[in-house]
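This report refers to the structure that appears directly beneath it.
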């Protein structure tokens with residue numbers, strides 16, 4: 001009777017904890033959907049064609065598209081031909097942001113893509129597999145009357161992928177090609193108020209530079225940056241969640257160190273998962289408001305990579321440690337086949353990220369996808385990582401299947417036990433299945449909300465209420481994994497409750513002074529639980 005009461009209490013506690021976590025999960029989605037604006041904003045920019053007929057063009061002067069010191073402009077290239085202005089003397093200038101506006105450190109990053117307006121002309125057709133050479137420069141200033149300071153200068157090559165929907169005849173002259181967007185620039189901080197981009201298209205017939213690229217009419221840029229309002233909500237969430245996870249992590253490890261035994265592998269992995277989650281949560285982004293830290297994007301990718309690698313490793317070890325007929329347990333070396341693909345895949349993605357965003361720290365115009373060698377290298381890293389991910393999920397699905405099959409087999413031994421002991425073990429099995437279902441639900445929600453954020457317009461509107469779907473996705477999924485890690489440490493912390501000799505020797509049928517584990521089927525104050533001992537004995541027989 002006492003065992004049934006204890007088990008009912010523990011199940012009630014589990015329901016209460018689940019309800020509280022569900023409430024916080026809903027709040028996490030509502031914060032993004034109702035309070036935060038859209039995560040990013042896309043701003044189109046049309047370049048202005050400036051005239052620069054001086055020698056050493058770039059080294060002496062920056063050309064402004066508008067303002068008191070604006071450049072001499074061209075309306076179109078027909079005017080340039082009539083005025084005998086060469087292509088090398090034309091600069092495409094773009095000022096960021098638009099007039100009467102300022103950039104802000106709250107924007108966090110700037111990503112630019114380029115679109116070329118190329119017209120068809122019989123005597124200047126676009127060649128197949130044509131490449132365009134860009135002489136690009138980026139500068140900044142914090143006052144409209146200060147001099148421009150250079151950030152970067154580079155000569156970049158981009159492949160043109162264009163199609164023409166009409167027959168290439170004289171009647172089709174003047175119609176534009178349909179060209180793919182080109183990656184142009186990415187910087188990991190917005191520390192200054194004003195930015196200026198100067199783009200040249202140098203022509204050299206002898207070297208074949210910018211020959212056979214068609215008749216370029218205009219250069220358009222689309223700038224994407226994070227919304228300041230979303231950044232503030234995001235920072236607030238990280239600031240709130242950091243102490244929450246840190247406190248539960250300290251509490252969890254303290255409960256483990258109070259044990260007379262050494263920590264088991266599963267407890268160590270859960271603690272490592274908490275550390276990786278805390279590493280993501282620490283709001284170092286606050287410093288990006290006052291410092292020009294262009295490496296924040298790369299740092300964020302590394303933090304996320306560490307967390308996801310730990311999360312995937314935890315799932316494998318969690319299933320393995322509940323494999324009731326597995327002899328090799330509580331050893332990380334026993335999981336090298338399953339954890340190996342995670343390590344290889346994470347390493348490949350890390351190298352890819354270093355080849356892309358790592359190089360962009362010096363040259364923001366660089367893109368690994370612009371050359372054949374770079375594209376093949378990037379695809380190789382991504383394919384290897386994808387293969388490793390597939391192998392991992394095959395291993396994981398097989399282990400989950402084995403665990404549930406073994407648990408079902410062991411349940412046949414439960415009727416022979418006393419009622420209290422049977423209820424206790426049934427509760428343990430129930431909690432394992434419960435956590436597996438929660439894990440599957442978290443993974444499914446991540447995939448579902450990612451798909452929804454890609455196919456919707458970014459917001460839903462019911463009457464006067466507007467829900468930002470993309471913001472809800474970011475804050476909700478981020479909050480969900482924090483709650484998941486929180487729940488793991490709370491539910492799998494070793495219990496220090498002692499129910500006394502009478503209860504232990506009575507209905508429960510366990511040794512005097514033995515702790516009744518609330519949440520795990522494998523850890524105990526001095527070693528494995530009775531379920532684990534029973535399973536090992538049957539497996540060895």
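Heads up, the Cβ atoms here are built off N, Cα and C, so glycines get one too.
Sequence annotations record features per position, and here TrEMBL assigns domain 'Wntless GOLD' to 48-226.
Per TrEMBL, the feature domain 'Wntless-like transmembrane' maps to 227-496.
Taken from TrEMBL, the feature transmembrane segment covers 233-253 (among others).
Nonlocal intrachain contacts for the transmembrane segment (265-284), taken as residues 6+ away from its ends with a CB within less than 8 angstroms of a stretch CB, comprise 235, 238-239, 241-242, 245-246, 248-249, 252-253, 256, 296, 299, 303-304, 306-307, 310-311, 313-314, 317-318, 321, 329-332, 481-482, 485, 488-489, 492, 494, 520, 522-523. What TrEMBL lists as transmembrane segment is 265-284 (among others).
The transmembrane segment annotation in TrEMBL covers 296-318 (among others).
Positions annotated as transmembrane segment by TrEMBL: 339-359 (among others).
Marked as transmembrane segment by TrEMBL: 379-407 (among others). Long-range neighbours of the transmembrane segment (379-407) within the same chain, counting only residues 6 or more positions beyond its ends whose Cβ lies under 8 Å from a Cβ of the stretch, are 312, 315-316, 319-320, 322-325, 337-338, 341-342, 344-346, 348-349, 351-352, 355, 429, 432-433, 436, 535.
Feature annotation from TrEMBL assigns transmembrane segment to 428-452 (among others).
For 472-493 (among others), the entry in TrEMBL reads transmembrane segment. Distant neighbours of the transmembrane segment (472-493): 14, 17, 21, 24-25, 27-33, 36, 39, 230, 233-234, 237, 241, 244-245, 248-249, 251-252, 255-256, 266-267, 270-271, 273-274, 277, 281, 307, 311, 314, 431, 435, 438-439, 442, 445-446, 449-450, 452-453, 518-520, 523; these residues of the same chain sit at least 6 beyond its ends, with a Cβ under 8 Å from one of its Cβ atoms.
Same-chain residues lying 6+ beyond the ends of the transmembrane segment (339-359) with a Cβ under 8 Å from its Cβ atoms: 186, 188, 297-298, 301-302, 305, 308-309, 312-313, 316-317, 332, 366-368, 374, 377-378, 381-382, 384-389, 391-392, 395. Tertiary proximity for the transmembrane segment (296-318) is limited to same-chain residues at least six positions away from its ends with a CB under 8 Å from its CB atoms, namely 108-109, 186, 188-189, 265-266, 269-270, 272-273, 276-277, 279-280, 284-285, 288, 332, 335, 338-339, 342-343, 346, 349-350, 353-354, 357-358, 361, 392, 395-396, 399, 435, 439, 481, 488.
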